[in-house]
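The domain 'Thiamine pyrophosphate enzyme N-terminal TPP-binding' annotation in TrEMBL covers 48-152. Residues annotated as domain 'Thiamine pyrophosphate enzyme central' in TrEMBL: 244-355. What TrEMBL records for 455-579 is domain 'Thiamine pyrophosphate enzyme TPP-binding'. Annotated Mg(2+) binding site per TrEMBL: ASP485, ASN512, GLY514, in sequence order.
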Amino acid sequence: METHIGSVDGAAAAADNGAVGCPASAVGCPMTSARPAAVPVSAGEASLGRHLARRLVQVGVSDVFAVPGDFNLTLLDHLIAEPGLRLVGCCNELNAGYAADGYARARGVGACAVTFTVGGLSVLNAIAGAYSENLPVICIAGGPNSNDYGTNRILHHTIGLPDFSQELRCFQTVTCHQAVVTNLEDAHEQIDTAIATALRESKPVYLSISCNLPGLPHPTFSRDPVPFFLSPRLSNKMGLEAAVEATVEFLNKAVKPVLVGGPKLRVAKAGKAFVDLVDASGYAYAVMPSAKGLVPETHPHFIGTYWGAVSTAFCAEIVESADAYLFAGPIFNDYSSVGYSFLLKKDKAIIVQPERVIVGNGPAFGCVMMKEFLSELAKRVNKNTTAYENYKRIFVPEGQPLESEPNEPLRVNVLFKHVQKMLNRDSAVIAETGDSWFNCQKLKLPEGCGYEFQMQYGSIGWSVGALLGYAQGAKDKRVIACIGDGSFQVTAQDVSTMLRCAQNSIIFLINNGGYTIEVEIHDGPYNVIKNWNYTGLVDAIHNGEGKCWTSKVKCEEELTDAISTALGEKKDCMCFIEVIAHKDDTSKELLEWGSRVSAANSRPPNPQ
């Protein structure tokens, strides 16, 4: 299966070498030198800063999203000096972190660089989001001069205490590894360990570099870094065999089993293995909402998104009526379960996580890698098309939105009818937190079309920075972002950076006057926002520099003209289309989901 950008198999270059998060520059080796290993480098290239820069390039990072500050300026000089590495200056640290998040979705790994504490605490929210979404992001912070550690000095950019560990302590809960580099002796090992851990765990790491160290040479940096291996995690063979045997017995005695793909397919790099299992088993398969785009939707046995009460039509009925369901890489939370309203039974479920398999109420098998497990399962499971045949019997094609009257105010469902027509293998979709979750979830993705959204963390404003990063990492795609007005107001500044990077993304700004998703959970005056002239704002940011085109549309005729222009004469421009929508124009799925989440949020305390 060709997975393309944004797939569960990470960077396209990862290929079949079995290494974690690696470009295919050497067999089994995620970090290899761009130059012959024996060629000496100059003193400037033998510095800590250049070592870090080379390592980033070797693992697949071509762009680092940064905000300069006095503690990281020297480090940024060395990042800029590295061939193949581009520094992308962002308007604020939050967006730099979101951009690294989006870039990691496109390339398999991302990086951002900020200054000490004021920058670190600003980027923290984005790093927490990347942690929740299992994305390897390398967060690099310029730290204090190494001579200041262990003194009683108070530094600027701190809270006024001689304790420099506040930033580190904040990052400990949202990264899988932290390293504070204050001397050259073990800097090589600290940097390599941090990067390797990010790739192995598929989580963010925190790397602080003292501001007086980046330009200093050391014998460990005297030549190009020695390539080293990230040993791929392998299953315990006895455990794998036992897990496959128990699962085969469980599934083969079922009458109408189904498969459901979850978001951790990306972590396990198991997308192709999942599709191979679909082909071998003949089962109907669905995806959880946060796994959309991770497996193809063009396969004949694909039945849609399983999202409880707001699933694709006829999908929930097939999944919840099955007598066995295998979930590969699921995350069950209040949002994905629609306020804990799933009609699933544990004794019918096989839960396959990246390193663990649980069959029904037991047994559980540890040290079993999902990719290996699904591949072995595909060789031994009996073919059973019963669930898919049941789906075909009950399926009724969905209707189309009502035809618009001439100059009728634009409805959101009409907008997404036209967005659907824009999609092809050379496009990708970024869906912002809000009603775009539900409207974009209904899009049918062509083979190779990318799709990303942030469901677990759900931070409004994520999509602007993520669009910047994803488009920078996936230059073979034209990215279409659907963003609500409330979310856009949080992070709008980095449209500026998109223009500096000459990106040609298309942004649909849905202007309905407030936080619509929150209105449907619990309404109040705080959900109404100040209206902006959004096209005017983007025109001001454009300021005649770079390629940018804006349009404000209020009816279907204006929308079709705008889309035609964006795909035609303005195809090389960043296109910003402001869509004026009624404040109560929402998807029916949001109405249902909002009421159930509201009920879950408002449960009274349990009796004491």
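Even glycines carry a Cβ here, placed using N, Cα and C.
A TrEMBL annotation is a machine prediction, not a hand-curated record.
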Within 8 Å of the Cβ centroid of ASP485, ASN512, GLY514, the other same-chain residues by Cβ around the recorded Mg(2+) site are GLY484, GLY486, ILE510, ASN511, GLY513, TYR515, THR516, ILE529, ALA581, LYS583
Same chain, |i - j| six or more, Cβ under 8 Å of GLY514 (Mg(2+) binding site); the result in sequence order is ASP485, GLY486, ASN527, VAL528, ILE529, LYS583
Around the Cβ of ASP485 (Mg(2+) binding site), other Cβ atoms found within 10 Å total 24
Taking DSSP helix as H, G and I and strand as E and B, the domain 'Thiamine pyrophosphate enzyme TPP-binding' (455-579) has 58 helix, 28 strand, 39 coil
Close in space but at least six residues away in sequence, with Cβ under 8 Å from that of ASN512 (Mg(2+) binding site), the same-chain residues are VAL412, GLY484, ASP485, ALA581, HIS582, LYS583, ASP585
